[in-house]
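S.K.: The structure under discussion is supplied below as structure tokens; questions concerning it will follow.
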Ligand code: F6R
Ligand code: MG
Ligand code: MG
């Protein structure tokens, strides 16, 4: 067996510039300095989408490694200090604990990690989104790994024809179940069609058992038991040679789907694919954005990135997203633009109910 590389993507919002729209360059610089100075890593790249900092790291220490998680935690703490000095908005908002406790999971930041033996050539795409939630990846992951109308390889590439395994998490009950596609697609869709609760955590190549994709499935509000910001998610996908081609991996984003998490974490809107320099949500704090960075791994080095959605081939998707955004906005405070009550992260309902308590008359 050859040596294994771990690709870890850990993200947090530790202060917005301005409001919740973006990350100040001083924070990115701080994060870069922290990671570059670490002997634990083979390589690193610091990116941002909206107000989230994404630490993309390669190493040989495996998933859930305490030292790597500590490094990410310390990096976010150092960035928080910078954010506090500049009085950036919501400084330290995603760091739920006072001190690091061995594993960054459950402490606020989002985590997606995969460990694998690097192939002869190892193309990966790192997706990062803002103003949405982990379930936002359900529809694109379904299309990439299970929909023959999206992924031609499922039909015509013998090494993909057997399909993929999907590990689905129930974020409320904290359980998981694995579905085998294509045989169990209809069963799986019953669950993943409800992305506020059921999220695709991992996808495996069925024939080889190799990891193909992993997403971050943290839900901050469930962890903290109160509104503490959105769980803007990340997702890593391996591409080519028995995995979906890069173009098959990007294709689902050509038609923006509706996701939860716009304005106050309480609205639904289209997920707009953008290049890094357009990853600054503005209108009504949105619409929600997704960036796709491509890397070739070379002995763990991150060769890249390629800013895929900066391509004009996604201009039409952006236009469509703007049209959908305009329509959804026209609904104002009405569902389904505003999320269903169960999903609303900010709500005045208890207060208003209390105020009007005595005015509700029982009907017989
Ligand atoms: C959505 C988001 C923003 C904020 C909104 C209010 O996920 O980050 O839409 O919810 O700007 O922010 P606060 O409550 O911090 O004033
Ligand atoms: Mg924020
Ligand atoms: Mg955010």
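Every residue, even glycine, has its Cβ placed from backbone N, Cα and C.
Just so you know, TrEMBL annotations never went through curation; they're auto-generated.
Straight out of TrEMBL:
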type	residues	note
ACT_SITE	13	active site, proton acceptor
ACT_SITE	227	active site, proton donor/acceptor
ACT_SITE	230	active site, schiff-base intermediate with DHAP
BINDING	13, 20, 51, 93	Mg(2+) 1 binding site
BINDING	20, 89, 102, 103, 131, 240, 241, 264, 285, 346	beta-D-fructose 1,6-bisphosphate binding site
BINDING	20, 131, 264, 285	dihydroxyacetone phosphate binding site
BINDING	51, 52, 130, 232	Mg(2+) 2 binding site
BINDING	230, 231, 232	Mg(2+) 3 binding site
BINDING	231	Mg(2+) 4 binding site
S.K.: Report the largest Cα to Cα distance, in Å and rounded to a whole number, among the residues 20, 131, 264, 285 that the record lists as binding dihydroxyacetone phosphate.
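M.R.: Across 20, 131, 264, 285, the widest Cα separation comes out at 10 Å.
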S.K.: What is the interatomic distance between the Cα atoms of residue 102 (beta-D-fructose 1,6-bisphosphate binding site) and residue 232 (Mg(2+) 2 binding site), given in whole Å?
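M.R.: Their Cα atoms are separated by 23 Å.
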S.K.: Name, in the order they occur in the sequence, the residues of the same chain whose CB lies under 8 A from the CB of residue 285 (beta-D-fructose 1,6-bisphosphate binding site) and which sit 6 or more residues away.
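M.R.: The answer is 19, 20, 21, 131, 262, 263, 264.
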S.K.: Using C-alpha atoms only, work out the spacing between residue 130 (Mg(2+) 2 binding site) and residue 93 (Mg(2+) 1 binding site) and round it to an integer in Å.
M.R.: 15
S.K.: What Cα-Cα separation, expressed in whole Å, is found between residue 241 (beta-D-fructose 1,6-bisphosphate binding site) and the residue listed as 'active site, proton acceptor'?
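M.R.: Distance between the two Cα atoms comes out at 35 Å.
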S.K.: Report the recorded positions (13, 241, 285) that meet this criterion: Cβ distance to the nearest atom of ligand 3 under 6 Å. Use sequence order and write none if nothing qualifies.
M.R.: 13
S.K.: Less than 6 Å between Cβ and the nearest atom of ligand 1 is the rule; apply it to the recorded positions 13, 93, 102.
M.R.: none
